[in-house]
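Taken from Swiss-Prot as is:
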ACT_SITE  Asp237  active site, proton acceptor
BINDING   Ala13, Ser14, Ser15, Gly16, Arg17, Thr259, Gln304, Gly402  ATP binding site
BINDING   Gly83, His236, Asp237, Thr238, Asn296  substrate binding site
DISULFID  Cys68-Cys222  disulfide bond
DISULFID  Cys353-Cys370  disulfide bond
DISULFID  Cys413-Cys417  disulfide bond
Amino acid sequence: MTFRNCVAVDLGASSGRVMLARYERECRSLTLREIHRFNNGLHSQNGYVTWNVDSLESAIRLGLNKVCEEGIRIDSIGIDTWGVDFVLLDQHGQRVGLPVAYRDSRTNGLMAQAQQQLGKRDIYQRSGIQFLPFNTIYQLRALTEQQPELIPHIAHALLIPDYFSYRLTGKMNWEYTNATTTQLVNINSDDWDESLLAWSGANKAWFGRPTHPGNVIGHWICPQGNEIPVVAVASHDTASAVIASPLNGSRAAYLSSGTWSLMGFESQTPFTNDTALAANITNEGGAEGRYRVLKNIMGLWLLQRVLQERQINDLPALIAATQALPACRFIINPNDDRFINPDEMCSEIQAACRETAQPIPENDAELARCIFDSLALLYADVLHELAQLRGEDFSQLHIVGGGCQNTLLNQLCADACGIRVIAGPVEASTLGNIGIQLMTLDELNNVDDFRQVVSTTANLTTFTPNPDSEIAHYVAQIHSTRQTKELCA
């Protein structure tokens, strides 16, 4: 039997994990084992919302050392994280300034300024990336305007996963899938766009040319002295999650469900027409030259904040209580900027309902019901937008990531979208990370080959849409009202 041992470091906005994958070549089986799990979260430092990258690095090294202490010879390591955020370094590799998080308010108003000065359509034609107020282009503009004293000291800007790879190997890399989330990469050249960089205030010398997934960045020397390759995987966690989505055919869509919900489809070509611009569709880079045509949805961030504020520890009990409530009494737009990082999420949700003359969700279950129903309805709207964009309906939706364990939300999604939902795998980002490592090690041929492995080894659950559910009737009523308005226009 031939085995490969690959380690995935998968960092999310609320937690991180070091996972060991064991791949058996002869039977093409893949097993995962959690080695180390640790918390991540936002911190307040010198007036900014930041990440504690030192704590994260310590946790990563602890997890890697645990694997080595078991006597396991690691064949490769890969790191994936969230997008858009970065760490600045001087010429000696020391940090400059703070690792500010995307939920910080320093970028307020800058996206509108960019659209006015450069032209919204021109930015979109160059980058193909959706307009989000915290994209790296606006973060860099905020930095250069608000902290000009830092500029002379900056020699390099590394996105978060590239920073941790650098800390392990001493080698710098700018991985393509994550680089595209910055809104600074030209969609035609796959290199940094000089016009967009100039507006951001950043120096092009801070960046190296983006590299596609599948190359070895450098080596980490383990405590036992072995040199272990660190692979540039699809380092944006959604890109890794999509790689592990067992998409079957061109009519399959995906929903990577976690702190954020990312809904989209794979395409060999980007969509940058006026329809895509109007819908704020993004064309993020994927593996093998594919595009992740998708839309960001605020996701379970709202629930995470409610759980924190209400000190709720028993999530299954909350979901059971939520399921007993009638649907669609409290509806908000989860993508409203007011929910990016409010002082109090519960109060913000209640205020949104009050301002739209709805009943006010008061208790824990009502707040959760509001979030789940609102997300499911937004999923239905986005899926419809995506189908219209490409001119073909979808036949199934694959929900992957930690959020796919929420069976109530999965069923609400199936009912609201009127589509078969396949939930799993849960550890999609980790698996996609491992998939690129196995391809780099010449164990697998390509992404489609890896998806066959995932389909046979992952635990998948199917949710069939119920047209008689409350939320399905609500969606039908909305569509009927919309059609009436269009006919009368």
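Note that the numbers count up from 1, one per residue, in the order the chain is shown.
Cβ from N, Cα, C; glycine included.
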Among Ser14, Thr238, the one of these binding-site residues whose Cβ has the fewest neighbouring Cβ atoms within 10 Å: Ser14
Additional residues surrounding substrate, by Cβ distance to the Gly83, His236, Asp237, Thr238, Asn296 centre under 8 Å: Trp82, Asn178, Thr181, Ala239, Ser256, Trp260, Leu262, Glu284
Rounded to the nearest Å - Cα separation of Ser14 (ATP binding site) and the residue listed as 'active site, proton acceptor': 13
Neighbouring C-beta atoms (10 Å sphere around the C-beta of Cys413 (disulfide bond)): 32
Set of same-chain residues at least 6 away whose C-beta sits under 8 angstroms from Cys353 (disulfide bond): Phe330, Ile331, Ile332, Pro359, Ile360, Pro361, Cys370
Between Arg17 (ATP binding site) and Gly83 (substrate binding site): CA-CA distance (Å): 17
Site with most surrounding Cβ atoms, counting all protein chains shown within 10 Å, from the binding-site residues Ser15, Thr259, Gln304: Thr259
ATP binding residues Ala13, Ser14, Ser15, Gly16, Arg17, Thr259, Gln304, Gly402: largest Cα-Cα distance, in Å and rounded to whole number: 18
